[in-house]
């Protein structure tokens, strides 16, 4: 091992046209540790590596006698052809076929010159986890040798990514770009473009997300009002826009003179039994039409456009591949379908789907920049920023969007991603504010102004609201999961459009008679958040009998006694609460775009408003209680029921999603109530504690588990005492499928690929001496073998496949095939006695796809992410077969 330069200068190892690649083990992984640091003279691989190193420093004929499937060319040539055959993992499954066609012409021209290029190109040794390099570097970027085989290093559908490999490739690419900056002005420009491409990408994502959100808001508002009437002067105006010229309030008697209800369109009066029946019928018919269009579009063109999308976004950001989920058709159908489903009056919101829409935009724009489009780990930095922009445009809360992406969605969130997410959310909110979809000077959804400060006594009802929010959230999650399982495993799941129509029909019929359930949920939440002012007659919750009383010696305050309108409104609100809760259980999970934020906020706001009215009346009935003494100010009400509605909304949303920090920030950004952070924090924490006590998972994690996605939650702890040997595949004394480094033929490897379905194979020294050499992916093997058979002469089934740099001593048959370039020579390994707690932490924090298990240097087995997930479920007494994909 003394002759093997682990940490020395790369040029020292170079001699002639040969270079050492026997054990390239000093590539630093993204965790900052050097793989080669574990090597020492006592390592069982020491003797073979020393021997291999000595052999590789002989004559250059060794390399010339072997055939390489990736013909060498100069860096300039590779760079010139980069745009021709570079692979981008877009949402379409046919991308690989198109790339192969683009690549064919280039490869046919290059194969004839491969041997000449091998002799003339000056090799520089590179210690890389990915084999031999081009121009001394091996990376996944604009001049990577893997580009010579389209698709090498990419992933199949429903597979997990290897974070370590992708991050290492990006670092190698970055080092190459930094090295080339000094060569020419053009290289300097390319280096500058690479440095700022991330900021440019998130800028474009923010602009596009703001524009799409503005269009969705405007379209949904127009179609929602279309169920009630039309503007004859300009049918594309919603009710509020139609009333602007006459300067009449939209809420005055329900309509203004320029807005025509459907009974008026058909020549009837605005009031009366006939008008009510006509309005009822048109309300239900429009709702059925919108829901049918939404469900049909989703079913025919983009099945992935249904639901909220946040569970899948969390899974994708954790390193899972779902082809098409963030594609162009999904973006289009999700945007249109969201407008239709919201307009249908279903009990759903558009906030969750906006995160999915923004992530689709981020995925599409990332392909404009190969740095992100061709590297799955780097792409997820853009997707994290896009998720922040989605919440920013959904609520008008950019800071809350960044924290939501950090706390709830993202799996890997480095500091630069935090900055870019902040910038992306800022741009998206600015663009949305410029479009003014809310029709006012504020960029938030529910702007309220509370002038009365809260008192210390009110923390008791605030915490009570938090407890109720946790209970309601847990009950909703359990009921919704039960219904989704029933839908999934019964015949109901075979008729998604019919289910949507039935739920829409029931929703329309039972919601129209109640004015609170009939109106748009955003309007109802704003009504519940708002505070009453003297003379307010438009809000039925403000029917108070006002009087002045004397408190103590000389202090006079205004108190309010409930009028009959408030009692009637409370009864209707209680009915609305139970109707909306039941309808949300059946609606969330249907095959239409559907979010959960607004229904959760509505349920909590109803509960909070009722509690606020109760506390207000308690203060009215007992104004001289000791905890009210000194708190009463002349001319102002002591209690603000709208504040309780806001706190209750936050508590219920926290009970459903289990958010804390981001929830509080979103709420005070949403309402403008910065002075009420402490009540919101108290309610959010109480809600989370109660929710976690009654059920571990929030709604998104529960749906991830229901769908079987391979998601390792970093918030949960593994408290069992099992070892890696208990989890690895295969078990002890069972056969391990491996590939030898220099003794298997092409037919042998193809037979192994046919007989097994593993996603990758360890490469060992020999069958008898199973010391680990590296790890090769199944997909890369298939691509490399197919590429060699098509373009390299002399390769047949009897060709020996080599994963080393040395040729066999005697080669009387067909020329051997070098595949060392696709070999990961620095795989993550653990020993068989490693505690599974450590292994689970490695999978969570390093984003591993698999780890190899060894004992005294000998390979024993493999642990994949799927094995870890199954083991966790077994330890928790759950069904391990619910993990569907690897």
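Heads up, the Cβ atoms here are built off N, Cα and C, so glycines get one too.
TrEMBL labels come from automatic prediction, so no person has curated them.
Taken from TrEMBL, the feature region 'Disordered' covers 30-130.
For 30-42 (among others), the entry in TrEMBL reads compositional bias 'Polar residues'.
According to TrEMBL, the compositional bias 'Low complexity' annotation covers 44-59 (among others).
The compositional bias 'Polar residues' feature in TrEMBL is assigned to 71-93 (among others).
The compositional bias 'Basic and acidic residues' annotation in TrEMBL covers 95-105.
The compositional bias 'Low complexity' annotation in TrEMBL covers 106-117 (among others).
Same-chain neighbours of the transmembrane segment (196-216): 331, 335, 338-339, 350, 354, 357-358, 361-362, 365-366, 368-369, 371-372, 381-382, 385-386, 389-390, 392-394, 416, 420-421, 423-432, 434-435, 437, counting only residues six or more beyond its ends whose CB sits under 8 Å from a CB of the stretch. The transmembrane segment annotation in TrEMBL covers 196-216 (among others).
Long-range Cβ contacts of the transmembrane segment (280-305) within its own chain (Cβ-Cβ under 8 Å, at least 6 residues beyond either end) map to 223, 226-228, 262, 312, 322, 324-325, 327, 329-330, 332-334, 336-338, 340-341, 343-346, 496-497, 500-501, 503-505, 507-509, 512, 518, 590-593. Summarising the annotation, TrEMBL assigns transmembrane segment to 280-305 (among others).
Marked as transmembrane segment by TrEMBL: 326-346 (among others). Packing against the transmembrane segment (326-346) from elsewhere in the chain are residues 90-92, 212, 215-216, 219-220, 223-224, 226-227, 283, 286-288, 290-291, 293-294, 297-298, 301-302, 304-306, 309, 316, 353-354, 356-357, 359-364, 383, 503-504, 507-508, 511, 583, 587, 592-594: each is 6 or more residues past its ends and has a CB under 8 Å from a CB in it.
Annotated transmembrane segment per TrEMBL: 382-406 (among others), in sequence order.
The feature transmembrane segment is assigned by TrEMBL to 418-435 (among others).
TrEMBL lists 455-477 (among others) with the feature transmembrane segment.
For 497-516 (among others), the entry in TrEMBL reads transmembrane segment.
The list of residues near the transmembrane segment (566-589) in space but at least 6 beyond its ends in sequence, with Cβ under 8 angstroms from a Cβ of it, reads 307-308, 346-348, 472, 476, 479-480, 483-484, 487, 503, 506-507, 510-511, 514-517, 524, 540-544, 596, 599-600, 602-603, 606-607, 609-610, 613, 699, 703. Marked as transmembrane segment by TrEMBL: 566-589 (among others).
Residues or ranges marked as transmembrane segment in TrEMBL: 596-618 (among others).
TrEMBL lists 638-656 (among others) with the feature transmembrane segment.
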Other same-chain positions with a Cβ less than 8 Å from the transmembrane segment (455-477) and lying at least 6 residues past its termini are 581, 584-585, 600, 603-604, 607-608, 611-612, 615, 627-628, 631, 638-639, 644, 647-648, 650-658, 678-679, 682-691, 693-695, 697-699, 702
Positions whose Cβ lies under 8 angstroms from the transmembrane segment (382-406), at least six residues beyond its ends: 198, 201-202, 205-206, 209-210, 212-214, 313, 316-317, 326, 350-352, 354-359, 361-363, 365-366, 372, 412-413, 417-418, 420-429, 432-433, 438, 442-445, 597, 659, 661-663, 665-667, 669-670
Intrachain neighbours beyond the transmembrane segment (418-435), with Cβ under 8 angstroms and 6 or more residues off its ends: 198-199, 202-203, 205-207, 209-211, 213-214, 218, 358, 381-382, 384-389, 391-393, 396-399, 401-402, 405-406, 443
Please indicate, using numbers and ranges, the residues of the same chain that are 6 or more beyond the transmembrane segment (596-618) and have a C-beta under 8 Å from a C-beta there. 308, 347-352, 394-395, 458, 461, 464-465, 468-469, 472-473, 476, 521-522, 524-525, 528-529, 541, 560, 562, 566, 570, 573-574, 576-577, 580-581, 584, 587-588, 637-653, 655-657, 699
Should anything in the same chain at least six residues away from the transmembrane segment (497-516) have a Cβ under 8 Å from its Cβ atoms, list it; otherwise answer none. 280, 283-284, 287-288, 291-292, 294-296, 299, 344-347, 487, 524, 540, 569, 572-573, 575-576, 579, 583, 586-587, 590-592
In the domain 'CBS' (823-880), how many residues does DSSP put in helix, strand and coil? 23 helix, 18 strand, 17 coil
